[in-house]
Every structure is written in C-alpha cells, then in structure tokens.
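*Asks:* What follows is a single structure, and I will ask about it in a moment.
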Amino acid sequence: MKRTIILMLDSFGIGASADAAQFGDVGADTFGAIARMCAEGKANDGREGALNLPNLSKLGLAMAAKESTGEYAAGFSDTEVVGAYGYAAELSSGKDTPSGHWEMAGVPVLFDWGYFSDKQNSFPRELTDKILARAGLEDYLGNCHASGTAILEELGEEHMRSGKPIFYTSADSVFQIACHEESFGLEKLYRLCEIAREELEPYNIGRVIARPFVGTKADDFARTGNRRDYAVEPPSKTVLDKLKAAGGEVVSVGKISDIYAHCGITKKVKASGLDQLFDATLEQIKQAGDNTIVFTNFVDFDSHYGHRRDVAGYARALEYFDSRLPELLALLSDDDLLLLTADHGCDPTWPGSDHTREHVPVLALGAGLKPGSLGKRNSFADIGQSIASYFKLEPMEYGESFL
Ligand SMILES: O=P(O)(O)O[C@H]1O[C@H](CO)[C@@H](O)[C@H]1O
Ligand SMILES: [Mn+2]
Ligand SMILES: [Mn+2]
C-alpha cells in the first residue's frame with residue numbers, strides 16, 4: 001500500500017539561506033534561536049530548560065539543522081537517526097506560505113507577487129472604494145502593515161462600535177480583513193473577502209485572509225479557528241493535482257486546501273489547534289487507503305508563536321508536537337512515506353513580526369529510504385518530485401527525487 005503523510009510545520013525554518021540578505025534575514029534561524037533561548041533559560045514560560053525534541057531528533061532534525069548552519073543547535077548533539085534527513089533552499093521569489101507550499105508540491109513561484117509595500121496608507125483608494133461599494137460599506141479601518149493581534153488591540157473596539165472592517169497587510173503578498181464574528185458576522189466577513197479577492201485580481205496579490213475574532217474589549221479579543229485563506233490558484237499542476245488526476249486521494253487537514261485554492265484536493269478535514277490537527281491527522285491516516293496523501297498544515301507554529309515572537313510558546317508547541325510523534329509513527333508501515341518539512345521561517349527572536357528566509361528541514365522516513373543524510377536540496381520541489389516518483393506519476397518540471 002502506498003501512502004504519503006506530509007507534516008508541514010508552518011514556519012519551522014532551520015537557518016538562513018544563502019539569499020537571506022535579499023530579505024534582510026541574514027542570521028535568522030527559527031529552530032536555532034528557539035534552542036538557544038531555551039538553553040539559556042530564557043524560554044521557561046509553561047516549560048523548562050533546554051529544548052527537548054527526542055523524536056524529531058531521531059528523524060534527523062538536529063543533524064539537518066547542523067548541515068544547514070554548520071553547528072548543532074544549542075542543547076542538541078550527534079544523534080542516531082532512523083530516517084533520511086536534509087535541508088532545502090527555496091527557489092521561489094517570496095518567503096510566503098503559498099510559495100513554500102506550492103514549491104514543496106513541485107511548483108516554485110518564479111514570478112514576483114504584488115505587494116502593498118507602504119507601511120502606512122498601504123492600499124490604493126481606488127481599490128478600497130470598489131470593495132466597500134460592492135459590500136455596501138461606507139468606510140474601513142487600518143490601511144497599514146500590522147501584526148494581526150496588535151491591530152485588534154488598537155482598532156478592535158472601534159470596529160465593534162462603527163462596523164467598519166479592518167484592512168491590513170504585511171511584508172507578504174496579502175490583504176487581510178479582521179472583523180468581529182458576532183457584531184460584524186462571520187458570513188458577512190467571508191463575503192467581503194470574496195469581493196476583495198475579485199477586486200484584487202489586477203494587483204497580483206497571493207492571498208486574501210479572513211481574520212475573524214471574538215471578545216468584548218481590547219485586552220480580551222481573540223482570533224478564532226474560522227480563519228479562511230483565499231489564495232489564487234498555483235500557476236501549474238502540483239503533485240497533488242497529478243495524484244488526484246491519476247485516481248488517488250489527497251486529504252487536506254487544516255488549511256492545506258485553502259493554500260492550494262482547493263486544487264488537487266479530494267477530501268477536506270477541518271481542525272484547528274495543534275492537538276486537534278494532530279488528532280485529525282492520526283484519524284485520517286487510520287482511514288487512508290492505497291494511493292493517498294494525508295497532508296496537514298500545523299499553522300499554530302507560525303500564527304500563534306512565530307509572528308507573535310513568542311519563543312517559549314513556540315518551544316512548548318514543538319515539544320508537544322514531538323511528544324505525539326510516536327502515536328503517528330505507530331500507524332505507518334514500511335511502505336508508507338512520511339515527510340516532515342516547513343514552508344519558510346519565522347524566527348521568534350527576529351525584529352518585526354514577519355517571516356524569515358530560511359532553509360527548511362526535509363525529514364523522510366519509510367519507502368525504502370536508508371537512514372542518513374540527503375544533504376542540501378536546491379529546491380523544496382525535491383519533495384514534490386520524490387512524491388511523484390513514489391506514486392509513479394509523470395515527473396514534475398522542478399525538483400530532484402531523493403527516492
Ligand atoms: O500578524 P498576522 O495577522 O498573524 O499575519 C501574518 O499571517 C499572514 C499569513 O501567514 C502573514 O502575512 C502575516 O501578516
Ligand atoms: Mn506559512
Ligand atoms: Mn505566517
């Protein structure tokens with residue numbers, strides 16, 4: 001039986017890539033920085049001491065990170081591994097979520113996305129006028145680069161009083177809309193996002209993101225699991241499309257389906273929070289038959305901890321994830337292929353709140369792979385190419401298989 005399980009640890013980079021200077025990210029290292037802060041006793045909120053990831057280490061994480069940066073992350077050393085491990089550089093022009101995911105599935109983004117690069121007054125009047133007119137709204141708040149939680153503290157109450165949606169962006173190619181789930185309404189927010197998606201067509205923006213939240217005042221607003229991403233479609237067929245076309249199953253757990261604009265997906269499983277995402281992944285593996293990909297995005301690493309620059313939170317989440325890996329490994333047979341990777345970095349010690357341009361881990365187990373190094377992979381697309389080869393699909397245009 002052939003099944004591929006992809007665990008996408010959103011934002012879990014393992015060291016700045018050679019082109020990091022173009023992004024202002026020389027020296028960024030999501031895993032390394034977390035390990036260092038833990039080893040220094042500076043990440044003891046809800047956990048203690050050195051970063052403890054025995055199961056990820058067994059899959060080759062510590063070794064992959066050492067190959068990426070030239071040194072072991074603090075608290076990690078030579079480990080006996082059971083899997084094949086390596087690190088991959090990104091070919092795509094951006095360090096955003098769709099680029100990382102699509103490239104991993106064999107389709108790097110070689111064109112430039114559009115960006116709203118002005119930190120204030122970020123959006124053209126012409127654009128927002130059209131969106132507001134179609135939605136029957138008079139005005140909006142925001143119009144700037146912002147951290148999604150900071151902007152709720154600043155403008156959430158005014159939004160609730162006035163009914164004006166909050167529009168904001170970041171260094172990514174995104175147009176984000178935050179609205180209160182009850183006072184504004186979830187369906188109304190989704191409809192507003194659909195309108196924005198259409199009006200943004202000429203701007204070449206990768207994603208519109210609905211950011212619903214709940215709460216009553218600045219200090220208790222919380223974003224909910226009803227986030228929705230409206231991505232444009234990948235520029236060509238990914239390995240997911242190819243497996244689907246060949247009659248296979250592609251199961252999306254969490255926001256995977258949104259990120260691929262629902263292309264190449266045969267089943268969508270909704271879940272939010274690390275624990276539920278992990279539970280849902282286990283459940284889908286149990287149900288998965290031959291010729292199936294089970295693909296989960298663990299978004300909390302990125303949205304709850306990386307962007308929030310919460311080192312202890314990120315460490316806690318990694319340790320939790322690691323502690324549950326044995327349950328997942330117990331469900332796999334030797335023929336299955338397990339892949340664990342990331343889509344970009346988001347070093348929680350880095351200035352600002354944006355992603356960081358980094359190598360990502362490529363940890364692979366099963367399908368006849370021998371334990372040991374896969375070395376440097378020149379594109380995340382090596383994963384997609386390996387999946388194509390595993391399922392005996394037509395080769396992808398990019399990437400080199402490590403199978
Ligand atoms: O600060 P929040 O709202 O989490 O937004 C972050 O999440 C977006 C999608 O990954 C990024 O573009 C960044 O802006
Ligand atoms: Mn991401
Ligand atoms: Mn992000």
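Cβ from N, Cα, C; glycine included.
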*Asks:* For the Mn(2+) 2 site that TrEMBL assigns to Asp302, His307, which of His355, His359 is also named?
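*Replies:* The candidate from His355, His359 that TrEMBL ties to Mn(2+) 2 along with Asp302, His307 is His355.
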*Asks:* For Asp343 (Mn(2+) 1 binding site) and Asp302 (Mn(2+) 2 binding site), what Cα-Cα distance in Å is obtained after rounding to a whole number?
*Replies:* 10
*Asks:* Ligand 1: which of the binding-site residues Asp10, Asp343, His344, His355 have a Cβ closer than 6 angstroms to it?
*Replies:* none
*Asks:* Using a Cβ cut-off of under 6 Å to any atom of ligand 2, determine which of the binding-site residues Asp10, Asp302, His307, Asp343, His355 qualify.
*Replies:* Asp10, Asp302, Asp343
*Asks:* Would you mind checking how many other C-beta atoms are within 10 angstroms of the C-beta on Asp343 (Mn(2+) 1 binding site)?
*Replies:* 29
*Asks:* For His355 (Mn(2+) 2 binding site), which residues in the same chain are close in space, meaning a Cβ under 8 Å from its Cβ, but six or more apart along the sequence?
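*Replies:* Listed in sequence order, they are Ser11, Lys95, Asp96, Ala171, Asp172, Asp302, Gly306, His344, Gly345, Cys346.
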*Asks:* Find the average pLDDT over the domain 'Metalloenzyme' (2-394) in the predicted model and report it.
*Replies:* 98
*Asks:* Quick check for the class: what is the C-alpha distance, in angstrom and rounded, between His307 (Mn(2+) 2 binding site) and Asp10 (Mn(2+) 1 binding site)?
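*Replies:* On Cα coordinates alone, these residues lie 11 Å apart.
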